[in-house]
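**Q** Questions regarding the structure given below will be posed in turn.
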Ligand code: FBP
């Protein structure tokens with residue numbers, strides 16, 4: 001019996017005792033995210049039984065064909081944070097604009113989210129996830145909130161993801177270490193299983209869509225050639241692991257070391273992944289765990305953002321591999 005287990009909610013309350021920026025509103029927002037994770041874990045597992053697989057026939061703001069689960073998970077996110085108080089505005093992969101949820105006194109945060117990461121996996125029972133980044137907000141109306149978010153007048157103060165895999169995991173940080181929880185479906189509780197996660201400085205896995213190899217720059221092709229040389233003395237070749245879900249590939253690198261990258265290619269001149277609700281939240285997590293996130297030429301979190309759905313070239317994971325990737329891209333090798 002898990003009587004001594006640390007639940008996600010208790011962990012947040014304990015953090016609030018020691019972390020000044022862990023306000024009552026932020027605590028309640030995070031607990032609500034835990035609740036959303038439980039609902040989505042149950043409903044994603046039941047999706048084939050409820051006719052929630054397949055496409056809806058629409059596209060999202062960045063032109064991706066929307067899956068029924070993309071729309072369903074986004075609706076759950078909007079519903080769960082509407083009128084709960086702490087969230088003033090929601091930025092989502094599935095919404096064109098920042099959606100005002102509350103302008104009340106408690107509404108102190110902007111929630112940026114990819115409600116369903118890994119959409120191409122929904123119909124084949126492969127891992128998918130939910131990504132979230134939380135910004136302390138300033139502004140009294142839609143225009144001010146959006147402008148302040150885009151002009152870095154808002155600070156990301158918490159981030160994380162939920163991974164719907166063999167088990168459901170929630171990983172989060174509030175800027176004081178990274179913690180991982182596994183959902184005990186019987187108890188309906190996320191229980192702490194990874195305390196103060198530290199990303200190994202070096203790994204053995206690389207995650208990238210090699211189907212795009214010929215569209216990548218020769219620098220990136222040289223980086224891959226370097227990783228795939230047979231040289232046991234330097235623990236090469238690396239093993240390829242590409243699940244089709246950023247959250248799942250990132251989770252592997254976070255726990256076991258390695259690197260995930262999505263560079264510019266013929267269809268994505270600026271990379272595929274979106275800064276505010278895919279790259280920046282995971283960059284915040286990995287840096288808290290001692291890893292790195294970059295565009296290939298600069299620290300990801302230093303990137304200037306002008307659009308809600310702005311894309312960014314992205315490399316994330318162990319410090320050694322990210323540094324090596326940057327070296328290849330800046331001709332340092
Ligand atoms: P979604 O949020 O729409 O799923 O897009 C992101 C993503 O699916 C990542 O999870 C994944 O790593 C990548 O795109 C896969 O893209 P590709 O099929 O081009 O390799």
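Every residue, even glycine, has its Cβ placed from backbone N, Cα and C.
TrEMBL lists these features:
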- 6-195: domain 'Fructose-1-6-bisphosphatase class I N-terminal' (DOMAIN)
- 93, 114, 116: Mg(2+) 1 binding site (BINDING)
- 114, 117, 278: Mg(2+) 2 binding site (BINDING)
- 117, 118, 119, 120, 209, 242, 272: substrate binding site (BINDING)
- 200-328: domain 'Fructose-1-6-bisphosphatase class 1 C-terminal' (DOMAIN)
**Q** Roughly how many Å lie between the Cα atoms of residue 242 (substrate binding site) and residue 278 (Mg(2+) 2 binding site), rounded to a whole value?
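**A** The separation of the Cα atoms works out to 17 Å.
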**Q** From 114, 119, 242, which binding-site residues have a C-beta atom under 6 Å away from some atom of ligand 1?
**A** 114, 119
**Q** If you measure residue 119 (substrate binding site) to residue 93 (Mg(2+) 1 binding site) at Cα, how many Å is it?
**A** 11
**Q** According to DSSP, which kind of secondary structure is residue 117 (Mg(2+) 2 binding site) found in, if we only use helix, strand and coil?
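**A** The three-state answer is strand.
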**Q** By Cβ count within 10 Å, point out the most packed of the binding-site residues listed: 116, 119.
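**A** Per the Cβ count within 10 Å, the most buried is 116.
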**Q** Pick out which of the binding-site residues 114, 120, 242, 272, 278 has the most other Cβ atoms within 10 Å of its own Cβ.
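**A** For the binding-site residues 114, 120, 242, 272, 278, the Cβ with the most other Cβ atoms within 10 Å is 114.
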**Q** Other than 114, 117, 278, which residues of the chain come within 8 Å of the Mg(2+) 2 site, judged by Cβ distance to the Cβ centroid of those residues?
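**A** So the additional residues around the site are 93, 113, 116, 118, 129, 130, 131, 246, 247, 273, 274, 277.
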**Q** How far is it from residue 272 (substrate binding site) to residue 278 (Mg(2+) 2 binding site), counting Cα to Cα, in Å?
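**A** Pair distance, Cα basis, whole Å: 10 Å.
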**Q** Using DSSP with the three-state reduction, classify residue 278 (Mg(2+) 2 binding site) as helix, strand or coil.
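**A** In the DSSP reduction, residue 278 (Mg(2+) 2 binding site) maps to helix.
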**Q** Least buried of the binding-site residues 93, 117, 118, 209, going by other Cβ atoms within 10 Å?
**A** 209
**Q** Taking only the binding-site residues 118, 120, 209, 278, which one has a CA atom nearest to the CA atom of residue 93 (Mg(2+) 1 binding site)?
**A** 278
**Q** What other residues of the same chain, not counting 93, 114, 116, have a CB atom within 8 A of the CB centroid of the Mg(2+) 1 site?
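**A** Residues close to the Mg(2+) 1 site, other than 93, 114, 116: 70, 73, 74, 92, 94, 113, 115, 117, 119, 130, 131, 277, 278.
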**Q** Under the DSSP assignment, what numbers of helix, strand and coil residues are found in the domain 'Fructose-1-6-bisphosphatase class 1 C-terminal' (200-328)?
**A** 57 helix, 23 strand, 49 coil
**Q** Please compute the mean pLDDT of the model over the domain 'Fructose-1-6-bisphosphatase class I N-terminal' (6-195).
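**A** A mean pLDDT of 93 is what the model gives the domain 'Fructose-1-6-bisphosphatase class I N-terminal' (6-195).
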**Q** Does DSSP give residue 93 (Mg(2+) 1 binding site) helix, strand or coil?
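**A** Its secondary structure by DSSP: coil.
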